[in-house]
Each structure stands twice: as structure tokens, then as C-alpha cells.
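Input: a single structure, listed below in C-alpha cells.
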Amino acid sequence: MDLFSEESPINEIGNMDMTDQQTQLCSSSFSHFLKHPKVQHFISTYSELVKMPTIRYVYFYYLFKKIGGFIGNEKIGTYFSKNVCNNIAAKGVPKLADVYKACEKMNLRQQSEICLLIEEVTRGQYLNSLWDALRDGTISSSKFYWATKKQNSTKKIFEPWPIKNDYYVAGPLAFGLRCEEVIKTVLNELICTPKQASCFDCGFMQSPLDGIFGVSLDYCTNVETNKDNLLVFHPDTEVYEIKSRFKYLFDKSECDTLYKKYKELYSNPCVKTLIKFIFSVSKPAIEFVPSGRLPSESDYLLAYDEEWNLRPTKKRKLNASHEMIKKCIEYNSYAGSQIYILSDPAENNGQITVKSKFKAGIFMNPRHTYFYQVALQHRVVQSYIGLSESPKSLGTQKNFIVSSFFRKRHFSDPPVCYVGKKQLEKTVEIPVFIIITPVYIPRSALLETISQAVNFWEESAKEAFTEYPWAPCALFANGDLTP
């Protein structure tokens with residue numbers, strides 16, 4: 001499908017089946033746009049350096065003017081016509097130079113509003129037909145870690161990663177997708193009830209400031225939806241990244257070692273019984289690391305307290321080359337995590353509630369890829385907060401990672417179970433407890449990793465395209481997370 005053709009998508013792909021139509025939409029990516037002969041010619045001949053994020057908004061203009069009617073959402077194309085390209089002739093396909101000049105004059109508010117419209121149109125994430133196309137050419141939270149480490153090949157940035165939803169039903173990926181929805185309900189119904197409006201289904205959030213980064217959020221609070229169905233991020237937005245621990249899934253059977261340890265935790269909820277449960281698998285989800293020592297990258301939760309030192313291993317000392325890691329540990333190590341033990345529906349008339357809660361000295365591992373994932377979410381959400389129409393002026397964004405643990409269904413479970421007032425689907429496992437860990441990102445560490453990732457993005461662009469857009473360091477040099 002040619003974004004520069006006047007041919008209607010209905011004529012181009014309307015007669016295809018749904019799968020082929022989705023393939024065509026996915027192929028309308030930023031990479032394919034940049035490779036188009038018209039775009040390559042424009043970049044090579046334009047009187048100035050073609051730069052980010054302007055060229056990304058040019059891409060959005062041509063994409064949504066082309067497909068808006070076909071996908072049943074013309075809001076983005078209409079916004080461009082009324083607010084950005086209002087001096088460009090309505091008939092025909094406008095010249096690249098004219099659209100680029102118009103997009104170059106956009107202010108931060110307009111950029112933010114376009115990104116919010118894109119978030120709306122991409123809700124549904126991996127089930128959304130535009131998801132792969134719009135993730136292409138961006139460093140998403142799942143790519144941020146290896147982008148800072150300059151790992152993997154350029155195709156990971158500039159070719160779509162098709163998200164296949166035909167995962168093996170008993171495998172960890174399908175398990176994670178199922179359980180994510182359950183934990184959103186647990187958070188919404190049992191944990192975050194005093195908070196303001198929550199967002200369950202967040203689309204793709206392109207960073208409005210640079211056009212290079214993008215994230216999607218599992219669950220957040222203190223975020224509202226306005227009359228136009230667009231998200232409004234308040235200064236005290238809380239973002240929750242959900243991880244479901246497949247290796248701890250157990251049967252409600254005396255033959256299952258995990259179940260025996262869980263029973264101890266359930267009857268006597270405390271740090272001691274939690275440690276016994278966590279260490280009942282060969283590779284525990286929480287790593288003990290003594291003060292002043294370097295953690296491994298094997299898992300994303302750490303503990304300082306000696307009671308976690310059940311399997312002593314030698315650790316390297318933190319040295320001058322680990323300054324960023326040291327600072328991140330200092331920011332996180334004393335925060336602690338909140339553990340919520342959930343009631344067994346078989347003992348509680350089908351109701352899953354918070355049976356008990358306690359605090360433990362568990363914190364985020366700054367060497368793990370999930371720390372980078374949360375860091376980028378923080379950065380992008382902060383830019384939306386800064387550009388938000390929120391009536392609030394006070395508050396600070398908070399970020400959390402939620403570790404969730406489940407058991408398999410048992411014949412003793414009631415046929416219908418509830419989390420708060422919400423019915424639990426009969427096909428999902430039973431949640432037994434969650435660990436909520438706050439994540440703090442030092443500003444200096446965030447700026448350093450952002451700079452590294454941008455450099456990698458530009459290197460990747462040089463390798464992927466003959467003519468490529470420029471990523472000005474002015475976008476990042478001052479470290480402004482809000483305009």
C-alpha cells in the first residue's frame with residue numbers, strides 16, 4: 001500500500017481477507033516510509049537536515065490521511081488538516097516539503113495531542129492491526145535495555161516485530177497474557193481503590209518530544225479519560241508494570257512442594273515463610289546481594305537482609321565503573337516491597353480478597369532489563385504529564401513493578417470466583433499473592449541511558465537507510481523530561 005498514492009485503501013486492499021489486510025497495514029511502517037523513493041529523494045535534496053521528530057509526524061500525516069477512513073478513525077487526519085496542515089491544499093497528495101514545513105512549526109501541545117490520538121487508536125495492543133507498524137522504528141521499553149548496551153541487530157528497531165498471539169496455551173507467554181488481566185483486576189478492585197480513575201487498556205504511547213521512544217503501559221492510576229476519549233495524565237500518575245511468575249505456578253496438591261510452602265505462607269504470612277516459598281525452586285526469583293556488592297542480571301528483584309542468604313555465592317565488589325548501578329541501588333534498596341496475600345476462594349465462598357499484607361526488604365535490580373523498561377516508561381509518561389491538560393498542579397509520578405503468583409484450578413474451587421465485584425474468568429488460574437515493588441530512577445542514570453539509546457538509534461538508522469533522518473542532540477542534551 002503506497003502512502004503517496006491517491007488510490008483508496010478500499011480499492012487497494014478491500015478485497016483481501018482480514019489476515020492479508022493486517023499484513024498490508026503492518027507494512028505501512030516508518031521503515032517502509034523512509035525507504036520510499038520519494039522520501040529518500042526528499043531527505044537527500046531538502047535545503048536543511050531532515051530531523052526527528054518532525055519526519056515522524058510527517059509519516060503520521062501521510063499514514064492516517066491514507067488509512068483513516070479504512071480503519072474507521074479519521075481523528076488524526078482531521079487534526080492534521082485543521083491544526084497543522086491547514087494551509088495545504090485539500091485535494092490530492094501534498095508535497096513532502098510542504099507537509100514537513102508544516103510539521104516543523106508544530107508546538108509541543110500539538111505534538112502531544114497527536115500522540116494521544118495515536119494512543120487511542122492503538123488500544124488493544126497486540127490485537128490491534130496498527131500495533132506492529134507504529135512500534136517500528138521506535139525504541140520501545142522492551143528494546144531499551146539492549147539499545148543502551150548496543151546489542152542485537154538493527155532490524156530489531158527498523159523492521160516490525162510481529163506479535164503472534166497463537167502462543168502455546170500452557171506456555172509462559174500465554175500464561176503471562178492471561179494473568180495480566182487478572183492482576184489488573186486485583187489492583188483495581190483490591191489494592192488501588194482509594195486512587196483516582198484507572199487506565200486498563202493503554203495503546204502505544206509515542207514520546208512526543210523526540211519520536212524515537214515509545215511505551216505501552218499495563219495499568220496506571222490517577223489517569224482519566226476526557227470527553228474526547230483521550231487520556232489525561234495527572235502529576236501523581238502511578239504506573240504498574242505486571243510480571244507473572246510462571247515458574248512458581250503450582251497445583252493445589254500435597255504432592256507439589258510449592259503448595260506445601262505456600263500453605264505455610266498462607267497460614268503464617270511473614271518474611272520468613274515468604275523466603276521459604278521463594279527458595280523452593282531451583283532459580284529463586286529474589287537474589288540476595290550483600291551491601292557494596294554487584295548483583296547479577298539473572299532476575300529483577302534483590303534483597304539485602306541476611307535472612308535471604310540461603311544459597312551463598314561470591315559477588316564482585318562495586319567499583320568506580322559501577323557508579324550508575326551503585327546510585328540506582330542507593331535509590332531503591334531501602335524502599336521495600338509490599339506483599340499482599342490473597343484469600344483462597346475455596347475457603348471464602350468464591351471471593352478473592354486481601355487476606356493479609358506485610359512489608360519485606362525486596363527492591364528492584366538496576367542491572368536487569370525490567371529496570372530499564374520501567375525507566376523508559378517513567379520518561380515517556382513524564383513528558384505526557386508535562387503536556388497534560390490536568391487541573392492538578394501537585395504530585396509526583398510513581399512507578400511500580402508487580403510480581404504475581406498463581407496456582408492451578410482445583411475441584412474444590414467454586415464454579416464462579418470473584419475478585420472484589422468482578423467475576424474471574426473460568427479459564428484463568430487463581431491468584432495467590434502479589435509483590436508490589438516501587439522503582440526509583442535517578443535522573444542522572446536516566447539521562448545517561450537515554451543518550452546511549454539515541455546514539456544507537458542513529459547508528460541503526462545509518463545502517464538501515466541510504467538517506468536517514470537526524471536525531472539532534474538538543475532534544476536530549478539538557479535532559480528536559482518536561483517542556
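Using the three backbone atoms N, Cα and C, a Cβ is placed for every residue, glycine included.
The structure displayed is predicted, hence computed values, not measured ones.
Now, the feature entries from Swiss-Prot:
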| type | residues | note |
| --- | --- | --- |
| SITE | E180 | site 'Required for function' |
| SITE | D218 | site 'Required for function' |
| SITE | E241 | site 'Required for function' |
| SITE | K243 | site 'Required for function' |
Inset, instruction - Within 10 Å of the Cβ of E180 (site 'Required for function'), how many other Cβ atoms can you find? Include all protein chains, please. - result: 17
Inset, instruction - Round to a whole number and give the Cα-to-Cα distance in Å for the pair K243 (site 'Required for function') and E180 (site 'Required for function'). - result: 7
Inset, instruction - State the three-class DSSP label for E180 (site 'Required for function'), counting H, G and I as helix, E and B as strand, and everything else as coil. - result: helix
Legend entry - Cα distance (Å, whole number) from E241 (site 'Required for function') to E180 (site 'Required for function'): 9
Inset, instruction - Please report the DSSP secondary structure of K243 (site 'Required for function'), reduced to three states. - result: strand
